[in-house]
Structures are given as C-alpha cells and as structure tokens.
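Structure first, then comments.
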C-alpha cells in the first residue's frame, strides 16, 4: 500500500514548509466543504496533504469546524496516516508550555458536533478503546524529539466544546479525573478518522496550564500566542521528519486502524439507505463494495 501522510494543522500551524509540487486543491465532499482547500504535494518523495483545521485566517471556531467534510476529503485524496497538530492546555506540572504530548486517550465533552458518518439507514459501531494509532504515534514522538522539543508519550486529552476556556471549577474537575491536557478540536476528529479507517495520531502542543495552576492564574491569551510561535516551529520540524520514518510503502496497520469497519456495519444490506450509502463511498467504500 502506498503511504500518503495527512496533517491537520491547528492554531498556529497554517502551512507546511518544503512541499514539492505544492498546490491548494478544492475537494468536494457529500458532507459539505472542508475547512479550506487542501495543500497537496510531496515531501522527500512521500505524498502529503495538509489541511488547516480552522481555515486560513482562522475562520472556523472549534464548534463550526466541518469535521466530517475534513476527514472525508482527506480520505478521498488517499491519506493513510493522519497527524493532528493542535494547541492544548496542561493539567500536569511536568507538561509545561512548549512541551509536546503524544495523546493516546480522550474524554469527549463536546456536544454540538456531528460525531459519526453513520446513522439511521446504515448503523456502524467501531472500537475506540485505543483511539489513536500506536505505530504512528510512536513515529511522531520520535520525529518530535529530533527537533529538540520535550515530548511526553501518552496522555488523556479532555475535549471541551469551547470556544470559551474552562472555568476554574471545570479545570479542577478535569484534573481530578486524571486528564493530562485539554483542547477543543480532537473530538470528533479522532472518532471520524477511525470510522474512515485512517491511522490517526494526535500531537498536542502545550501552550498554558489552563486555569487550575495556583501560580499561573487564568489563561493568558497573549502568552498563549507567544508560545504558539515556538510550538509551530517544532511542529513543522516534526512533520518534516515523518516521510523518512513512514516511507513510501506501508504494510497493514498492526493495530487494525485500516480495518476498523471489518465487523462494524450492523444494518442488513437490504435495509441500508441508498442516499447514505452514496455519501459513504469514500469513507466506507472498502466494506460496502465487498
């Protein structure tokens, strides 16, 4: 199988340096328009697609990001390995601003977003016990360390709806739950990537201590913006290190991410809604054709 790397860039990461034959491409999906056109090209010989999650100019809030269209569009382009890069707050003293956390678990507290490609007319249940790809996450950690940034492998990401930051009570609650970082965008993104059978890794770039820390007070947007710049530089270095680690060819995912739908479809073929099936052509075409 040919490798194609996808990158969804969050706050502060709006482009990828060094892409050859780079072109912004409009991708149409049955779920509406993605956040923006998608920058495609090659990096060190490996095909790559970059999508700014909030759109160029930061036009989408965490709630209005078209998550389904974004994942569908990347799947249509042939993305096999998808890396999410996003800003986050930290609940742990040791996970300091400027550090990267390679997320391996989520608690989803978002509530105003469509969270599945499936539904009435074609029901499917995929496993999210391990919502990120262990293989891809390990390679991201390796590439991040090569940039000199401090990397923490493993951590639980609390996804809040936003766009406001947490209250002090919320921040203390989430910390007491054992969460490591907090952000607004990785859900339902990770869920949809699993439904689309795309290997997904989440690189959470710490910008602040949320509002729980007694010596840092409430979230300071000015300080966040300053940290975003440094984090973005390291993120670009991480992405630059991925082609050499992933290569141009890939085997089946050892964790089964690319076969997540093998036993997931529940609706009998004769009862499936043709209109929904038509919308699932990219996401679930492998199993629907079978």
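For all residues, glycine too, the Cβ spot is worked out from N, Cα and C.
Remember, predicted model here, so these are calculated numbers, not experimental data.
The phosphate binding site feature in Swiss-Prot is assigned to 11, 53, 54, 86, 87, 185. Residues or ranges marked as substrate binding site in Swiss-Prot: 184, 208, 209, 210. Here Swiss-Prot flags 166, 221 as site 'Important for substrate specificity'.
Around the Cβ of residue 208 (substrate binding site), 23 further Cβ atoms fall within 10 Å across all displayed protein chains. Here substrate is bound by 184, 208, 209, 210 per the record. The longest Cα to Cα distance in that group is 15 Å. Between the CA atoms of residue 185 (phosphate binding site) and residue 221 (site 'Important for substrate specificity') there is a gap of 18 Å, rounded to the nearest whole number. According to DSSP, residue 208 (substrate binding site) is assigned to a strand segment. Residue 87 (phosphate binding site) falls within a strand segment according to DSSP. Proximity note: of the listed recorded positions (166, 184, 208, 210, 221), 184 have a CA within 10 Å of the CA of residue 86 (phosphate binding site), given in sequence order. For the pair residue 210 (substrate binding site) and residue 166 (site 'Important for substrate specificity'), the Cα-Cα distance reads 7 Å.
Classification of residue 221 (site 'Important for substrate specificity') by DSSP places it within a helix.
Cα of residue 208 (substrate binding site) to Cα of residue 54 (phosphate binding site): a distance of 20 Å. Considering only the recorded positions 166, 184, 209, 221, the residue whose Cα is spatially closest to the Cα of residue 87 (phosphate binding site) is 184. Cα proximity to residue 166 (site 'Important for substrate specificity') (within 10 Å) is found for none of the recorded positions 53, 209, 221. When the Cα atoms are compared, residue 209 (substrate binding site) and residue 221 (site 'Important for substrate specificity') turn out to be 12 Å apart. Counting neighbouring Cβ atoms within 10 Å of each of the recorded positions (166, 185), the lowest count belongs to 166. Residue 184 (substrate binding site) is 12 Å away from residue 54 (phosphate binding site) when you measure Cα to Cα.
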